[in-house]
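Before any comments, here is the structure.
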Amino acid sequence: MKFVSLLGATGSIGKQTLDVIASHPEQFRLSSMSVGKNIDAAEEIIREFKPEICAVQNESDAQVLRSQVETSTKIVSGMEGLIEAAVSTESSVVVNSVIGSVGLLPTLKAIEANKTIALANKETLVTAGHLVMEKAKKHNVDILPVDSEHSAIYQCLNGEDRNRVEKLILTASGGSFRDRTRDELKNVTVKDALNHPNWSMGAKITIDSATMMNKGLEVIEAHWLFSFDYSKIDVILHKESIIHSMVEFVDTSVIAHLGQPDMRVPIQYALTHPERLELVNGKRLNLWEAGKLHFQKMDYDRFRCLKLAFEAGNIGGLMPTVLNAANEKAVELFLDGKISFLDIEEMIERAMLQAENMNQPELDAIQETDKRTRYFVESLLNKGR
Ligand SMILES: NC(=O)C1=CN([C@@H]2O[C@H](COP(=O)(O)OP(=O)(O)OC[C@H]3O[C@@H](n4cnc5c(N)ncnc54)[C@H](OP(=O)(O)O)[C@@H]3O)[C@@H](O)[C@H]2O)C=CC1
Ligand SMILES: CC(=O)[C@@H](O)[C@H](O)COP(=O)(O)O
Ligand SMILES: [Mn+2]
C-alpha cells in the first residue's frame with residue numbers, strides 16, 4: 001500500500017490523481033490533500049477518501065469547512081497548512097499538482113522530509129530548478145515527472161547512457177490557435193483560448209499552451225529534470241499529441257513514447273514507477289484509428305513566448321523566475337479580461353528587459369523577484385502600454 005499526499009486535489013491533475021487512487025484501492029491510499037478555494041469539492045473528497053489532513057488556501061474557508069463536515073480530518077490553512085499537508089503524514093510520495101510558483105515551498109519541504117515527489121507543478125522547477133534539484137540530490141529523493149512530455153522522455157531514457165543522447169525532442173500540440181497567423185491572434189477571446197484541441201486542463205496551462213509558453217516552461221523543466229544543456233533540447237509541432245516526446249541518440253536512433261492523450265497514464269506511472277499497473281478504463285492506442293500523424297518545424301517568430309523561455313533558460317540566474325512570475329500575472333490578467341492575448345508575451349518581454357539578474361539565487365531572492373515581477377506587470381496596466 002502506497003500512501004499519497006496530493007496537493008491541488010480539486011484541479012485537473014488532482015481529480016485525475018484521485019481517479020487513479022480510487023481505481024486501485026489495494027495499491028493507494030490518500031493520506032493528505034490540499035485545495036485552493038473550492039471547499040465544496042474538498043468536502044466531497046474528504047467524505048470519500050478520509051485523509052488525515054486537508055489544507056485550504058484561506059483560514060475563513062477552513063472555518064466553513066470545519067463546520068460543514070464532521071470528520072477526523074484535520075483542516076489546516078495557508079502556506080503553513082499546505083506544507084503540513086505535504087510533510088506531516090506517513091505518505092511516501094507527494095503529488096504536487098497545485099498551479100504556479102506557490103508549489104515551490106511545499107516541494108522543498110517535502111524533499112527535506114524525504115518524500116518522493118511526483119511533479120506536475122512545472123512552475124516550481126522553472127522558478128527555482130537549481131534549488132529543487134540540489135535539495136533532491138542532497139536528500140537522495142526522486143523527482144518523478146507527471147508532465148506528459150517529461151514522463152515520456154523519462155521512459156525513453158530508461159537504461160540509456162546519457163552521454164549518448166543527441167537531443168531531447170519535446171512535442172507541442174500548438175494549442176488552441178495552432179492554425180492562426182499572428183495577425184489573427186490580435187482579437188482572440190478568452191473563450192477561444194480555453195478551447196484546447198487535445199487536452200482538458202486547468203485554465204492557466206490551457207492559456208500557456210495557446211501562447212506556447214507551456215512548451216517554454218517545459219523546456220526549462222526538461223533542462224532541470226534531465227540535466228541537459230538548452231542546445232540539446234528541441235521542440236517540434238505535432239498536432240495529434242500521440243507522440244508525447246522523443247529522445248534522439250548519437251547513432252541517429254530516435255526513441256519515442258506514444259499513447260492516448262490521457263494524463264492518468266503519466267500520473268499512475270509516477271505513482272507505480274518502476275512498475276506498471278493496468279490503467280482502469282484506459283483507451284488503447286490503435287494507430288490505424290489515429291490515422292496520419294503530422295509534424296512541423298517550430299516557428300519561433302510565430303510563438304514568441306517559446307523564444308523568450310529559451311532566452312531566460314540560457315541567461316539563467318533569476319531570469320526564469322522573472323519569466324515565470326510575469327507569465328503567471330499576465331495570464332491572470334488575460335483571464336480576467338484586462339489585457340489582450342498578445343499583451344501576454346509583450347508584458348513578459350518587458351519584465352525580462354527591466355530585470356536585474358544574479359547567479360545562483362537563494363530562496364529569498366527568488367521569492368522577492370517573483371513578488372516584484374508581479375507588481376511590475378500589474379503596473380504596466382496603468383501605464384497605457
Ligand atoms: N492539467 C493538465 O493536464 C496538466 C497540468 N500540468 C501542470 O500541473 C499543474 C496543475 O495544473 P491543473 O491541474 O491543470 O490546474 P488547475 O487549475 O486545474 O488546478 C490547480 C489546483 O491548485 C489549487 N490552487 C490554485 N491556487 C492555489 C493557491 N494559491 N494555493 C493553493 N492551492 C492553489 C486549486 O485549488 P481550487 O481549485 O480549490 O481553488 C487546484 O486544486 C500546473 O503546474 C500545470 O502546468 C502539467 C501537465 C498536464
Ligand atoms: C498534457 C500535458 O502535458 C500538457 O502540458 C500538454 O502538453 C499541453 O499541450 P501543448 O502545450 O503541447 O499544447
Ligand atoms: Mn506537458
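Here the Cβ of each residue, glycine as well, is placed from N, Cα and C on the backbone.
Residues D147, E149 are recorded by TrEMBL as Mn(2+) binders, and the candidate that the same record lists for that site, out of E59, E70, E218, is E218. Within H130, H139, H196, the residue that TrEMBL lists together with K122, S148, E149, S173, S209, N214, K215, E218 for binding 1-deoxy-D-xylulose 5-phosphate is H196. For the NADPH site, TrEMBL lists T10, G11, S12, I13, G36, K37, N38, N121, E123; matching the candidates G174, G175, G202 against that entry yields G202. Listed binding-site residues: T10, S12, G36, E123, D147, N214. Those with a CB atom under 6 Å from ligand 2: D147, N214. Rounded to a whole value, the Cα-Cα separation of K122 (1-deoxy-D-xylulose 5-phosphate binding site) and G36 (NADPH binding site) is 18 Å.
A simple Cβ count within 10 Å picks out one of the binding-site residues K122, H196 as the most packed, and that one is K122. For the pair H196 (1-deoxy-D-xylulose 5-phosphate binding site) and E123 (NADPH binding site), the C-alpha distance works out to 20 angstrom.
Listed in chain order, the extra residues whose Cβ falls within 8 Å of the Cβ center of the Mn(2+) site residues D147, E149, E218 are K122, P145, S148, H150, L170, N214, K215, L217, E221, A222, S245.
Predicted-model confidence for the domain 'DXP reductoisomerase C-terminal' (258-374) is 97, expressed as mean pLDDT.
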